[in-house]
Amino acid sequence: MGLPALEFSDCCLDSPQFRERLKSHEAELEKTNKFIKELIKDGKSLIAALKNLSSAKRKFADSLNDFKFRCIGDAETDDEICIAKSLQEFAAVLRNLEDERMRMIENASEVLITPLEKFRKEQIGAAKEAKKKYDKETEKYCGVLEKHLNLSSKKKESQLQEADSQVDLVRQHFYEVSLEYVFKVQEVQERKMFEFVEPLLAFLQGLFTFYHHGYELAKDFSDFKTELTISIQNTRNRFEGTRSEVESLMKKMKENPHEHKNISPYTMEGYLYVQEKRHFGTSWVKHYCTYQSDSKRITMVPFDQKSGGKGGEDEAIILKSCTRRKTDSIEKRFCFDVEAVDRPGVITMQALSEEDRRLWMEAMDGREPVYNSNKDNQSEGTAQLDNMGFSIVKKCIHAVETRGINEQGLYRIVGVNSRVQKLLSILMDPKTAETEDDICAEWEIKTITSALKTYLRMLPGPLMMYQFQRSFIKAAKLENQESRLSEIHSLVHRLPEKNRHMLHLLMNHLANVAKNHKQNLMTVANLGVVFGPTLMRPQEETVAAIMDIKFQNIVVEILIENHEKVFNIVPDTQQSNSQLLLSRKRSTDSKPPSCSERPLTLFHTVQTNEKQENRNSIINSSLESVISSNINSFLRSNSTPQSNMNSSDPDLEVFKPNRPNSLPQNPSPTSPLSPSWPMFSAPSSPMPTSSTSSDSSPISSPLRKARALYACKAEHDSELSFTAGTIFDNVHPSQEPGWLEGTLNGKTGLIPENYVEFL
C-alpha cells in the first residue's frame with residue numbers, strides 16, 4: 001500500500017485527514033533516515049572488512065612467493081620446475097586480484113558512503129528543518145487565532161480591524177510555510193527513488209568489475225593451470241614408481257645390512273672414542289675419524305650426534321703404527337693404540353665393536369680395504385648382442401606392428417610370465433629360429449611385448465651401457481632443450497655399433513607406437529616410463545639412482561621424439577664446451593661416484609651353496625626337463641664356437657657364444673651368459689606379471705607385492721575391488737586360471753592377473 005498524496009489545497013483547510021496523511025509521510029522519512037544511517041554504518045564496516053581481507057590475502061601471497069621448493073637430486077625435471085614456480089604464479093594472481101580489490105575499496109567510499117551521507121544530510125535533514133518551521137508556525141497561528149477570537153466585541157472598531165488584519169497575515173504566512181513543507185516532503189519522497197538507490201548500483205557495479213577482473217585472471221591462468229595439473233599428475237606417477245623402488249631398497253638394507261657400504265675416498269671411516277688426558281684425569285671424546293692408506297693420514301673430527309655439533313677443532317696425524325690393546329691392559333673394550341709420526345705419545349682409541357676394531361686394524365695395517373669387495377667391473381657394461389638377438393627383437397617388433405599396434409596399454413599391460421618364458425625359449429632355440437621367420441598368431445600381443453622387454457633386461461648389461469649411465473642422466477638434467485638433445489645425440493653415437501643399431505631399431509618402433517597413441521593410449525611419456533628402467537639402469541642400487549629414474553624416462557622420451565635426427569645424422573665434429581668436458585672425463589665416468597652422490601649402495605655377494613639350493617627349489621619340473629634335454633649342447637657350445645652364427649649383415653659379423661636351447665637353471669654370477677638382472681628375480685624396473693594360467697609355470701611364485709595398473713570392480717564376493725595404483729600384499733597364484741590371490745586391507749581375494757604388475 002503506497003503513501004497517500006498530499007494536496008496543496010489541503011494545506012489551507014489543515015483538516016485532521018490532512019494531518020494524518022502528513023504524519024504517514026513523516027514516519028516514512030524517519031524510517032528512511034534510520035535505514036540510511038544503519039546502511040552507512042554497515043558499509044563502512046564492509047569496507048574495513050574488505051581492507052582486512054585484502055591485507056590477509058596479500059600476506060598469504062607474500063608467504064607463497066617467499067617459499068622455494070628444493071627437490072631431491074642435483075637437477076629438476078620440467079614438471080618439477082613447473083611445480084616449483086607454481087607458488088610464485090599463485091602469489092602473482094592473488095596480488096593482481098588484491099590490487100583490483102583495493103581500487104574497488106577506494107571507490108566504494110566515493111560512490112556509496114559519500115552520496116548516502118549527502119542525501120541524508122541535505123534532503124532528509126532539510127525536510128526535518130522544514131517540519132520544525134511548520135510546527136512552529138502552526139503553534140503561532142493557533143495561538144494568534146485563539147487570542148483573536150477572545151477579543152471582546154465592545155472593542156473599538158479600529159482595534160478590531162487591526163486584529164483582523166494581523167490574523168490574516170499570520171494565516172497567510174502559515175499557509176505558505178505549510179505549502180513549502182508539503183512540497184519538501186514530497187520532493188524527498190521522490191528523490192530517494194534515485195538518489196538513494198543510485199549509489200548502491202554504483203557500488204554493485206564496482207563489485208561486478210572486481211569479479212569480472214577475477215574471471216579474466218582465471219582465463220589467463222587457465223593455460224598454466226592445465227600445464228601444472230599435468231605436471232602434478234606426472235610427478236605423482238613418478239612418485240608411485242620410485243616409492244616402491246626405494247621401499248624395496250630399504251627392505252634389502254634391513255635384510256642384509258652387512259652388504260651395504262658407502263663408496264668413499266677413504267680406506268676406513270667411522271666413529272671412534274679417543275682417550276684424552278685432562279688435568280682432573282682422563283675422558284673419552286667421540287670423534288668421526290677417517291683414514292687414507294696411501295698417505296697414512298688420520299683425520300679426527302670431534303662430533304656428538306646428541307649435541308648436534310662439533311665439539312672442537314679438527315686434527316690430522318700421520319700414522320706410524322697401530323697396536324691392539326689387550327683387555328687386561330685397559331678397562332674399556334675394543335681399544336687399540338695409534339702412534340703418529342708428527343705427534344709424540346700414544347693415542348688410545350675405542351671402536352664401537354669387536355668387528356669394527358678388526359676393520360680399523362686391518363685398514364691401518366695396509367691390508368686390502370673392505371670396500372674393495374665391491375665389484376665395479378666396467379667391462380660388464382657392454383651388451384653382448386648377436387644375430388639371434390637382432391632376429392628376436394625384429395620378430396617381436398614385426399608382430400606388434402602388424403597385429404597389435406592399436407591395442408590399449410601396449411607394453412604397459414604385461415603378459416603371463418609362464419607364457420612369456422615359453423615364448424622366449426622358443427625364440428632363443430637355434431633350431432626354431434632358423435625355421436620360423438615370424439611369431440605365430442597364437443601368441444597374444446601382451447606376451448610378445450613382455451618377451452621383448454624381458455629379453456632386453458636379460459642382456460649382460462643395459463642396452464645404453466653402464467659407463468654411459470651417468471652421462472645420459474647429466475644430459476637429461478640440462479635446462480635447455482637443445483642442449484639435452486645435443487648431448488644425448490653425441491652420447492648415442494659413442495655407443496658400440498651393435499648397441500646403437502639395436503637402439504635405433506627399438507626407437508623407430510616406439511615412435512610408430514606413439515603415433516597411434518589415440519588408439520593404444522601409449523604416449524611418448526608413457527613409453528618413457530615403461531622403457532626408461534629397461535634400457536638404462538645403474539650398476540648399483542642406491543636411493544639417488546632410484547630418484548634418477550625420472551631422468552632415464554626423459555632420455556627415452558627425447559630419443560623417441562627425435563629418433564630420425566639422433567640416429568640418421570652424425571653429430572658435428574666440433575664439440576661444445578660441455579661435450580668437450582664429457583670427452584675429457586670419459587675415463588672418469590667409469591670411476592665410482594662420490595659418497596654424496598650415491599649415499600646408499602647395495603653390494604651383491606656370491607650366493608652360498610645353501611642359497612643356491614633354495615633357489616633351485618623354485619624351479620619346477622617343466623624347466624628341469626628342458627634344461628636336461630639341452631645341457632649337453634649348451635656345454636659343447638661353450639667349448640666350441642659354431643661357424644654358422646655369423647650373418648650376412650656385415651655390421652654384425654663378429655664371433656659370439658652360442659645360445660643354449662633354454663636358460664641355465666642356475667647361472668653363475670660371474671658367468672658371461674648370466675644376465676645382470678636374473679631372469680626369475682624381481683628387478684627394479686617393471687617385469688611381466690607372474691601368474692598362473694593353463695600353461696605350466698616355470699616358477700613356483702613366492703608371496704610378493706603387486707601394484708594395480710587399472711581399476712576393477714568386484715563382481716563376486718571372492719574378488720577384490722580396487723583403484724589404479726592400489727598396492728596388494730602376499731600376492732601369489734590362485735587355483736583359478738587367469739587370477740592371482742592377494743591381500744588388501746586385511747581382506748584376501750582374487751585379482752585379475754593382467755590388472756597388476758609385481759613390485
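Every residue gets a Cβ built from N, Cα and C, even glycine.
Bear in mind that TrEMBL entries carry predicted annotations, made automatically and left uncurated.
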(message) Suppose you had to name the range TrEMBL annotates as region 'Disordered'; which of 231-265, 581-615 would you pick?
(response) 581-615
(request) Sort the residues of the domain 'SH3' (701-759) into helix, strand and coil with DSSP and give the three counts. (result) 3 helix, 30 strand, 26 coil
(request) List the helix, strand and coil residue totals of the domain 'PH' (265-369) as derived from DSSP. (result) 14 helix, 54 strand, 37 coil
